[in-house]
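Participant: According to TrEMBL, the feature transmembrane segment maps to 21-52, 72-92, 113-138, 158-179, 191-222, 234-255, 267-292. What TrEMBL records for 160-247 is domain 'CAAX prenyl protease 2/Lysostaphin resistance protein A-like'.
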Amino acid sequence: MDGKDELPIIIASLARRPRWWTPLAVVGISLGVFLFVSFVATFLAFFIVHGSPSPAMFADPANTTKVFESRVGMVLLILVPQCSMIIPPLIAAYLSPVEMRKRLSLVRGHWPIWVWIAAAFATPLVGMVSSMIVGSFMQDSESLKQMSEAFRFHGKTGFLIPIAFLIGATPAICEELLFRGYVQTRLNQSWGPLLGILVSSFLFAAFHMDFVHIIAVFPIGLYLGWLSWRSGSLFPAMLAHFVNNFISVVAVTLAPAEQAEMVGAPTVAIFLVILGMGVLGVTTVIMASIYFGRPAEVATA
């Protein structure tokens, strides 16, 4: 076969190679939508809580705290922007030549559901280790402290379970659909799983827009990315993200700020539960990844 015969084959192969720039463009669009909707939701939340807001009111941290302590305000600030960010990837996935559920990795995969559950309960251990390492040389940012105080306030007023479900379920669905479902699925095809997981995890972490938070959640992003790829499905990562966030909210609420320097019974109990579930979950996931092998790719365009 001469060079002229090989040329059409090479061109056809290049033409079939998934486009790597589209997921990056979708992330940029999603960020723009997220920021715009966040601004609108913040203004609306301030209006509901404080009446007629003024520019000076937005600059006062105490006023922001009151908004977070409002149940309506918290729902507006968390739920609405998160839901808006998945509109671009859903539209892009719908327009893709690949079936939408496969494009977003919303498929069964090849792991049994009991492995999904084990993998999910390993996630808080990843988060705890990451937080301990980051906390050893960095302090929580003011925004993280403010959010933690809001969780404690809602816990004291009987709103702990709803707020834990809100913080657990909303990012688990929205962030996973964008970063692991749309972005990572495509980048894994374009660049391979190693680079695909690294880039999508970096984008996932950077989307949090708080330096301390970015550093802390990057390892979780890597774990969720590996989980989605290795299982061949987005659902285990969604479940793991939910469990991690839910337990994090409960843990923060049960460990009040004034006891931060003390080792109380609730703190020890939470630590032991996370450690026990994590070790069991990690062991199960490692064994399952060996037994069930590497995944088949779910999207090729």
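Note that Cβ sites are derived from N, Cα and C of the backbone, with glycine treated the same way.
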Participant: Residue counts in helix (H, G, I), strand (E, B) and coil for the domain 'CAAX prenyl protease 2/Lysostaphin resistance protein A-like' (160-247), per DSSP?
Facilitator: 80 helix, 0 strand, 8 coil
Participant: Sort out the residues at least 6 away from either end of the transmembrane segment (21-52), same chain, that have Cβ-Cβ distances under 8 Å to it, and list them.
Facilitator: 58, 63, 66-67, 70, 72-73, 76-77, 80-82, 84-89, 92, 178-179, 182-183, 186-187, 200, 203, 207
Participant: Do any residues of this chain, six or more beyond the ends of the transmembrane segment (113-138), have a C-beta under 8 angstroms from a C-beta of it, and if so which?
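Facilitator: Answer is 212, 215-220, 223-224, 227, 231, 235-236, 239-244, 247-248, 271, 274-275, 277-282, 284-285, 288, 292.
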Participant: Over the span of the domain 'CAAX prenyl protease 2/Lysostaphin resistance protein A-like' (160-247), how high is the average pLDDT in this prediction?
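Facilitator: Mean model confidence (pLDDT) across the domain 'CAAX prenyl protease 2/Lysostaphin resistance protein A-like' (160-247) is 96.
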